[in-house]
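Have a look at the structure below, then the notes.
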Amino acid sequence: MARSPQRQSSREEYDYTEEYGSHSDQQSLRLRRVPSRVSNQNPPQFDWSSPHEEEDEEGSSGPPRDLRATPLPMALKRAMRQIQQMRVPVVSSRESWKRKKAKSLRKLKESGRGFLSFFSLWSKTLQKIGGNFGGGVQSYFLFLRFLVVLNFVSFLLIAGFVLIPSIVFRSVGSKLINSTGPEACMEYDPNPQGLVVFYNYFLDLLSGTGFMEYSYLFYGYYNNTMVEDVNFSYNIPLAYLLTAVFYFIFCLICIIVRMGTAARVVVATGVSTVGNYSMIAFTSWDYGCLGDRATKLKQKNIHYGLQVDLEEESMKKRAATLTLLQKIVLYSLRVSMCVLSLGLIIAAFFGIFKATEFSQKNSLQGGILGLFFEYLPSIVITAGNFVVPLLCDQIALIERYAPSNTVIVALLRSVFLRLVSLGVLLFTLWGQITCDGAENTGDCKLCQYNHLIYQCWETRVGQEMYKLTLFDFLINIAVLILVEFPRRMVVDNWSNKLTQWVGRQEFVVSANVLGLVYGQTVVWTGALFCPLLPLINTLKFILLFYFKKITLFYNCRPALKTFRSTTSTFFFLVVLLFGWGLGTVVIIYSVAEIRPSMGCGPFSVFPSMWSIVPMSFQKLSITSQEFLFFIGSQSFSIPLFALSCVVMCYFVALASVYGKSVALLRAQLKLEGRDKQFLVKQIEMLSQSQHILN
């Protein structure tokens, strides 16, 4: 079909713009020549042969261009699809086989993703939560789902290498070494003697004593057995220690991988309102939404995202207009509030320290009073973790931070409280177990640990972590039944000024995320002494998901002040990494420094838990020993370190290049916006001039 000269000139100008359209190298559109009206009236043309010509020029190595990723109208895409199906390219049999293989693999990947998404936990529930309460609340439930999967996979790891072999080899295995310690240190009999009152079983279930203590739940039930055969050998103590090490490494890898995924989103948005607004405006809509309900949920989710951006942008504008005196007053207020919150946290630490000392001194009493003394540290820790974060949340509101920063500041203070309170509890226990570090004096002189109070100190630490996990779960149920439901019923059925002022509760994301981090930190701390604690935590988090879902939809209202979920999701994982670090420090200190109990556990005959590793190393073959020595030598470690530095420098340089590219694209987008504003002004001027002439 013949084209007019005007259309040809328009097409040439369009091609020139496509080829040389980089605004960083061009002058602004205000200095360009305005195209003719005739060219603006012509529809965009598409060269149907261009994709095939480019493919012929580049060769047959590249895959065919995907129409779904092409920015063209839907009608044009359908026409292109029909033309591509009508054209039969002349290709070799090998090239045809490659294309069929690539197409089959692509369909297989899509089918696999759809199959895996079918088994993803609570996907519809999470979509409903995000639509009704925003991405901030949804990020909490996504974080909870991640911890459920992490704990379940961790339990499978522990069960496969420790629990199942211990059950199978318990009757057929033999003692690794005959114990020759003092008789006083060998005394350990947790089984109750004679008849036991029925309610004591309930007390034992809550405290982890009695029939619960001498079971696979705790460290003391596992033996230092070893199975040896001609072609098979299994060392239970070595498997116990190495499984704990790999468990921590596995958790670290999972956290880092998820942090990388969250960090990519943060980098893509640039931690800015403009970048996040662009993602919401151009990529947030889900075209797979079917039905009015899913569509409305998605619209609400987008609405909450835009509300967060507008609120933070308005706060930034108000902060930019502050005078010097107002800034001094604001920063002085923040410093004073920070000192006040720090004083509250120190007071909570002192209370935990005194409660733990009192509990350990009176732990031998029986009955309900003994159960109260055993749970006294858990009660004080839970009370402090409930009261102090509430005060810190109110303090953070007084400090007038942005919504996302308010969540992060309150979360930091609460994290410091909870993690260090757990550290204070462990520090007090370690001090009593090791006689305040004087292991060769006093009650610790005979066994190098206080055997008079702690016949099996590992099981006692595991019981403390078990009680903390169980008590935290019971407190969540009690708050749901005794506080949240009655509050909602009173607010809904009793109308006065007091109930209107109180209102329905908001779902405080920072406090709830902190509870998850605290619970997972307790599990990491006690996993070595209570191997089934990840399984208990999995069941706890599954039930907690449904309890929180019920209280969210029936007892809570949407938050008046929402926050951006992109930066908060990354920060949640950073806080979880702090908890992992605390658990790692506890495990390293227990494995390397404290003498294992002589009357229980798989390490009862070793001076430290780590002693099993060099002993097992000596039993390896000469070739295996030389290989491991080579891995630990300088000949291997120095080249590995140099290679790691090179790889790290490469990724740092790559990130720098990507950062510059993102900065250039942002500058180009700004220039595009200015050009469009200029065009709008030109159109207004032309319309006004035509109106005056008419």
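Any Cβ shown, glycine's included, is placed from N, Cα and C.
Residues or ranges marked as domain 'TMC' by TrEMBL: 456-565.
Marked as region 'Disordered' by TrEMBL: 1-69.
Long-range contacts of the transmembrane segment (142-169) within the same chain, counting only residues at least 6 positions beyond its ends with a Cβ under 8 Å from a Cβ of the stretch, are 121-122, 126, 216, 222-223, 225, 227, 234, 236, 239-240, 242-243, 246-247, 250-251, 254, 258, 513, 516, 520, 523, 527, 531-532, 534-535, 537-538, 541-542, 544-545, 548, 569, 572-573. Residues or ranges marked as transmembrane segment by TrEMBL: 142-169 (among others).
Per TrEMBL, the feature transmembrane segment maps to 238-258 (among others).
Summarising the annotation, TrEMBL assigns transmembrane segment to 265-285 (among others).
Remote same-chain residues near the transmembrane segment (328-352) are listed as 322, 377, 380-381, 384, 388, 391-392, 395-396, 398-400, 413, 416-417, 420-421, 424-425, 428 (criterion: CB distance under 8 Å, separation of at least six residues from the stretch ends). The transmembrane segment annotation in TrEMBL covers 328-352 (among others).
The transmembrane segment annotation in TrEMBL covers 364-387 (among others).
The transmembrane segment annotation in TrEMBL covers 407-430 (among others). Beyond the ends of the transmembrane segment (407-430), by six or more residues, the same chain brings 136, 341, 345, 348-349, 352-353, 356-357, 360, 377, 381, 384-385, 388-389, 392-393, 396, 399, 401, 460-461, 464, 468, 509-511, 513-514, 517-518, 521-522, 525, 563, 567-568, 571, 575, 578-579, 582, 586, 589, 594 to within a C-beta distance below 8 angstroms of the stretch.
Taken from TrEMBL, the feature transmembrane segment applies to 522-547 (among others).
Positions annotated as transmembrane segment by TrEMBL: 568-592 (among others). Away from its own ends, the transmembrane segment (568-592) comes close to residues 136, 139, 142-143, 241, 244, 248, 251-252, 255, 258-259, 262-263, 265-266, 404, 407-408, 411-412, 415, 419, 422-423, 426, 430, 458, 461, 509, 513-514, 517-518, 520-521, 523-525, 527-529, 608-610 of its chain (Cβ-Cβ under 8 Å, at least six residues beyond either end).
If you look up TrEMBL, you'll see 636-658 (among others) marked as transmembrane segment. A Cβ distance under 8 Å defines the sequence-distant neighbours of the transmembrane segment (636-658), meaning residues of its chain 6+ beyond its ends; these are 630.
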